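Asker: Just lifted these from Swiss-Prot, have a look:
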- 83, 104, 127, 150, 184: ATP binding site (BINDING)
- 226, 229, 303, 308: Zn(2+) binding site (BINDING)
- 45: phosphoserine (MOD_RES)
- 358: phosphoserine (MOD_RES)
- 393: phosphoserine (MOD_RES)
- 347-377: region 'Linker' (REGION)
- 389-404: motif 'UFC1-binding sequence (UFC)' (MOTIF)
């Protein structure tokens, strides 16, 4: 009897887990009112509690963004829906992006719970399915397209390229931006290869294995350095990174660092898409010193990726074809704002005197003048003063001086 009760309790627990998974898989369609509301066709700046976009539209009123509603016209692909990618997807969803394409082959595990976004009851689901369900409930206005596969395989690579080149907001048009949020070099190089071949702008992000530093990088094929222009040592040495992993050893992971990296990544995405502020080509983050280094890297003319070299040549031709603008610098007159009486300083030395004291000016080409000349050497002339003898004695002269 006791065994039967125990089996029934186990069966109840199994059914409860299955029910939780089924509820997670019941993803509401766009416009079905995910999150308890219907789809909003047009963003409004009306300040009411029921408007999810009022705080975002305030950016336009404050002069930060000229047209925030334009964000609904963009499609962004996110490769890797882990600690950085899932938070990135959530932020873009809350910002009201037009469409998100999510790529990941992994499943949610309890070991992921130290990161952000995922919940324990989603364990066992694919990351893209779990993310889509949660994101649709946050904002049903966003369109989602999810792909549960590994982009590094030969079979899936062509499909991945097809979706980023034809999976835009309008079918047949490319996405506006690809975001790399993966945790291995093989996947980064795969994204780099695809984007170089298609001429697709993308942003790369990463967090260090000790979890206290990270970075983001904007890569415009031909204009800035691609991931293969200056690859990490593990890639340059052709080492199989799978051999670097050891049993029972994993990389450290902090939700704070991943949240910071995801935040600066999405901030850079918004500035790039909505054209405000300064877009960073490279921005690092060091949590130990709270240091944010920035830089820009030029592409390597000897890059191993032939498509990168091809994009560089096309970019040079594009720049050469631009009309050259001649910059004419006008000399500004010095204006003394506090000179009410029109007082002018006049030199006490005349031009003739200045010319006499100036040295010879060499014959120079047109447009070149000397800063100064060596003054002429003045000949020392000694003038002797003579006094005529008056014939008076010394006593007479002394007497005259006393009478003065």
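Glycine too: its Cβ is placed from the backbone N, Cα and C atoms.
If you look at the structure here, what lies around each of the features I listed?
Answerer: Residue 127 (ATP binding site) carries a helical DSSP state (H, G or I).
In the three-state DSSP scheme, residue 303 (Zn(2+) binding site) falls into the coil class.
Here residue 45 (phosphoserine) comes close to 53, 54, 57, 58, 60, 61: these same-chain residues lie at least six apart in sequence, with C-beta atoms under 8 angstroms from its C-beta. Secondary structure at residue 45 (phosphoserine), taken from DSSP and collapsed to helix, strand or coil, is coil.
Taking Cβ-Cβ distances under 8 Å and a sequence gap of 6 or more within the same chain, residue 393 (phosphoserine) has no neighbours at all. Secondary structure at residue 393 (phosphoserine), as computed by DSSP, is coil.
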Asker: Which entry in the list of binding-site residues, 226, 303, 308, has its Cβ near the fewest other Cβ atoms, using 10 Å as the limit?
Answerer: 303
Asker: Neighbour count, 10 Å Cβ-Cβ cut-off, for residue 184 (ATP binding site): what number do you get?
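Answerer: Around the Cβ of residue 184 (ATP binding site), 15 other Cβ atoms lie within 10 Å.
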Asker: When you rank 226, 229, 303, 308 by Cα distance to residue 104 (ATP binding site), which of the binding-site residues ends up on top as the closest?
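Answerer: It is 226, whose Cα lies nearest.
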Asker: Through the lens of DSSP with three states only, how would you label residue 184 (ATP binding site)?
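Answerer: Assignment for residue 184 (ATP binding site) reads coil.
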Asker: Show, in sequence order, which residues other than 226, 229, 303, 308 on the same chain lie with their Cβ within 8 Å of the centre of the Cβ atoms of the Zn(2+) site.
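Answerer: These residues sit around the Zn(2+) site: 192, 196, 225, 227, 228, 299, 300, 304, 305, 309, 312.
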Asker: The region 'Linker' (347-377): mean pLDDT?
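Answerer: Reported value for the region 'Linker' (347-377) is a mean pLDDT of 69.
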Asker: Using C-alpha atoms only, work out the spacing between residue 303 (Zn(2+) binding site) and residue 184 (ATP binding site) and round it to an integer in Å.
Answerer: 21
